[in-house]
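Copied over from Swiss-Prot:
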- Asn7, Glu382: Mg(2+) binding site (BINDING)
- Lys14, His206, Leu207, Gly208, Asn209, Gly210, Asp280, Leu281, Arg282, Gly328, Ile329, Gly330, Glu331, Asn332: ATP binding site (BINDING)
- Arg89: substrate binding site (BINDING)
- Asp146: active site, proton donor/acceptor (ACT_SITE)
- His178: site 'Transition state stabilizer' (SITE)
- Arg239: site 'Transition state stabilizer' (SITE)
Amino acid sequence: MKVLVINAGSSSIKYQLLDMSTGNDLASGIVERIGEEMGSISYKTGEKYTAEQPFPTHREGMVEVINLLTDADKGVVKDKAEIAAIGHRIVHGGELFFEPVEIDDKVLQGIRDCIPLAPLHNPGHVIGIETAMELFPGVRQVAVFDTSFHQTMEPKAYMYGVPYKYYEDWGLRRYGAHGTSHKYVARETAKLLGKPLEESNIITVHLGNGASISAVKNGKCYDTSMGLTPLGGIIMGTRCGDIDPAIVGFIAERTKQSAAEVVATLTNESGLKGICGSNDLRDIHARIEEGDEKAKLALDMACHKVRQFIGAYAFELGRVDAIVFTAGIGENDEIYRENCLSGLENFGITINKEKNENWDRTPSFISEDDGAVKVAIIATNEELEIANDTVKVLGL
């Protein structure tokens, strides 16, 4: 059985076709710059294929994905009818969706209703679903929400100290993000520990250009760093993370910008990029080696904020079995990991330098063998998690 996983953005479509009998990735890629004069598509099986061509809308992009998947030479299926189901990554489900759900007209409208909570993401998801429904008539489709995993938080963790009617009228609360990734690596970490997930306390650290941290207590999300939107929490590539709320008004008053314009700056021009001009850690590390103080400040600030959240969550959980790093930075940047956890030996948190610098991409611990708190690196696999949820929801 084959399941197609789609993550449609405002101008892109990430896709992956999985063989559910093995869990293997048969083909994957991305369509980018949809709606621009010239777009691009990548397609990877054993080899990688790339091409540039215009994609006026998501429909043209999806058609080309189907063409590649069924191509006589490069394809991995003879006909699109071999695709049994489609799973869609959805960033925000608000309080409407507590778990993955089969898509119908009501669900699609619910995703539209959550657009104010994820204006950069949910509109693209809606277009992706509508396009897939058109091109795959009769194929059952499932929405898997980044926010679902965090719905087990208690009100004391997800409510804000603002008038309660804002929650009643608009659903203003903490929702979190990257839930599919946090869920996947928490389960895989419990396997490493040799403990049932339901008995494991784990701090999951998802570090990519977007980043978040979750406290997982007895297998369920107890708290998470991102808030109403994916802008809150730790310092990210281009996003500010948690700041004094009055900063928005402070900037707006001095720049004569609207609140929306200030939020756009905090989303796209802040974080690491705002401090040192770059959100590429490779560039930042190189500049630090050359003595660049702003690059060092950016890295120090980001790691400082990660340490703050880990410390807070350790106290909230009471007992921490493991801390796990995942996603692009978490999996690939040994300096970042070391900076986040160095000097915490008194709390039972250690890093073995050799293990940290020579991780072989298999799920494993990088802490000292006698460390009270295990530190792991696990490559996230959100696509496989979405595909598994899709199969489970549809009973396939």
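Backbone N, Cα and C define each Cβ position, glycine as well.
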Between Arg239 (site 'Transition state stabilizer') and Asn209 (ATP binding site), the C-alpha gap once rounded to whole angstrom: 9
One should report the C-alpha separation between the residue listed as 'substrate binding site' and Asn7 (Mg(2+) binding site), rounded to whole angstrom, as 5
Three states by DSSP: which one describes Arg89 (substrate binding site)? strand
With every protein chain in view, what's the tally of Cβ atoms within 10 Å of the Cβ of the residue listed as 'active site, proton donor/acceptor', excluding that atom itself? 26
Indicate whether Asp280 (ATP binding site) is helix, strand or coil by DSSP. coil
Can you tell me the three-state DSSP label for Glu331 (ATP binding site)? helix
For the recorded positions Arg239, Arg282, work out the Cβ neighbour count at 10 Å and name the residue with the minimum. Arg282
Work through the binding-site residues one by one (Asp280, Glu382) and point out the residue whose CB has the fewest other CB atoms within 10 angstroms. Asp280
So Glu331 (ATP binding site), by the Cβ count within 10 Å over all chains shown, scores 18
Taking the Cα of Glu382 (Mg(2+) binding site) as the centre, which of the recorded positions listed as Lys14, His178, Asn209 lie within 10 Å of it? His178
Rank the binding-site residues Lys14, Arg89 by the number of other Cβ atoms within 10 Å of each Cβ and report the first-ranked residue. Arg89
Between C-alpha atoms, which of these recorded positions comes nearest to His178 (site 'Transition state stabilizer'): Asn7, Lys14, Asp146, Leu207, Ile329? Asp146
Here are some binding-site residues: Asn7, Asn209. Which one has the most Cβ atoms within 10 Å of its Cβ? Asn7
Which whole-number value in Å describes the distance between the Cα atoms of Asn7 (Mg(2+) binding site) and Glu331 (ATP binding site)? 21
